[in-house]
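Chemist: Please read through the structure below; I'll follow up with questions.
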């Protein structure tokens with residue numbers, strides 16, 4: 001996986017990739033839920049990304065203000081805000097990438113699955129609009145529970161006759177970001193140099209960081225590995241509790257969402273060897289959806305990479321996560337097919 005790159009220095013990043021300002025393709029990106037806790041900082045970070053030429057910000061309300069604020073930033077992209085369902089089609093038309101952080105946030109005592117009944121309906125309606133107005137766009141699903149919302153989106157797209165498994169992604173990048181941060185702290189290595197694959201799903205025990213494959217290598221005890229794994233799995237809860245009922249992991253999620261969207265854009269633009277972890281349709285295991293390393297390209301998913309060698313602890317973790325992940329997938333598919 002590529003090391004995380006500073007979005008603030010995004011212009012120089014593009015120069016390092018060999019683009020001139022004239023050669024960067026025109027790319028329209030939409031953020032659905034742009035007035036929310038994740039959506040606002042995500043809109044800011046996408047405005048800083050020079051791979052974006054048009055930034056479309058949509059929410060049920062509040063978006064004109066967010067769009068006006070962000071539009072004053074002196075970067076490449078043109079920003080437009082859209083509010084209300086009647087403007088959703090215009091927001092989506094011509095999009096290359098659609099990022100969906102829409103939905104209600106977690107509160108203390110809530111799991112991601114507690115959000116299901118509200119967020120599942122939101123995801124279903126937004127995906128139906130994507131199927132109608134930009135059926136070939138890459139979809140980055142942030143709305144929780146991702147283990148279920150990605151299967152919901154797949155079923156909606158299938159019903160519309162436009163499903164392309166290569167273009168639907170569950171964004172699990174925050175799990176990777178957390179695993180890198182926590183590992184670097186314990187291993188005493190520079191965090192910018194750290195890579196840690198995270199596989200499985202995006203909730204609780206379904207999150208499985210593969211610390212045995214982490215680089216740079218560090219000789220950490222089994223107890224340290226178990227503690228790092230648990231902290232990565234509980235990272236969202238850690239933030240919810242720290243915010244004492246006043247929010248969830250909005251800022252770090254926006255950062256992770258922007259990183260993954262940047263990777264998708266780079267792949268679309270033909271940058272070679274862009275590899276990130278994501279929750280996608282997969283044949284890596286017997287489950288229809290699974291998070292693992294994915295090579296990104298001009299069509300979205302170019303290749304879903306194998307899990308690689310696992311430690312005994314990771315093999316057990318993989319075994320333990322499968323029933324819960326299977327249940328979440330089935331829950332999403334059932335919801336999508338109820339109506």
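Each Cβ is built from the backbone N, Cα and C atoms, and glycine gets one as well.
Note that the coordinates shown come from a computational prediction; the quantities given were computed from them, not determined experimentally.
Here Swiss-Prot flags 202 as active site, proton acceptor. As annotated by Swiss-Prot, NAD(+) binding site applies to 33, 34, 35, 36, 37, 38, 39, 59, 119, 142, 143, 144, 253, with the evidence given as similarity to another entry. For 106, 112, 144, 178, the entry in Swiss-Prot reads substrate binding site. According to Swiss-Prot, the transit peptide annotation covers 1-19, on the basis of experimental evidence.
For each feature listed, report its degree of burial, its nearest neighbours and the pertinent distances within the displayed model.
Modeler: Under the DSSP three-state reduction, residue 202 (active site, proton acceptor) is assigned to coil, being neither helix nor strand. For residue 202 (active site, proton acceptor), the Cβ neighbour count at a 10 Å cut-off comes to 29, with all displayed protein chains included.
Under the three-state DSSP scheme, residue 37 (NAD(+) binding site) falls in the coil class. Summarising the environment of residue 37 (NAD(+) binding site), the number of other Cβ atoms within 10 Å of its Cβ, over all protein chains shown, is 18.
All protein chains included, residue 144 (substrate binding site) registers 28 other Cβ atoms within 10 Å of its own Cβ.
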Chemist: Need this for a regression test: recorded positions 119, 202, 253, filtered to those with Cα within 10 Å of residue 144 (substrate binding site). What's left?
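Modeler: Taking 119, 202, 253 one by one, the ones whose Cα falls within 10 Å of residue 144 (substrate binding site) are 119, 202.
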Chemist: How big is the NAD(+) site in terms of the longest C-alpha to C-alpha distance among 33, 34, 35, 36, 37, 38, 39, 59, 119, 142, 143, 144, 253, in angstrom?
Modeler: 18
Chemist: Applying a 10 Å Cβ distance cut-off over all chains shown, what neighbour count does residue 39 (NAD(+) binding site) have?
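Modeler: Excluding its own Cβ, residue 39 (NAD(+) binding site) sees 27 Cβ atoms within 10 Å.
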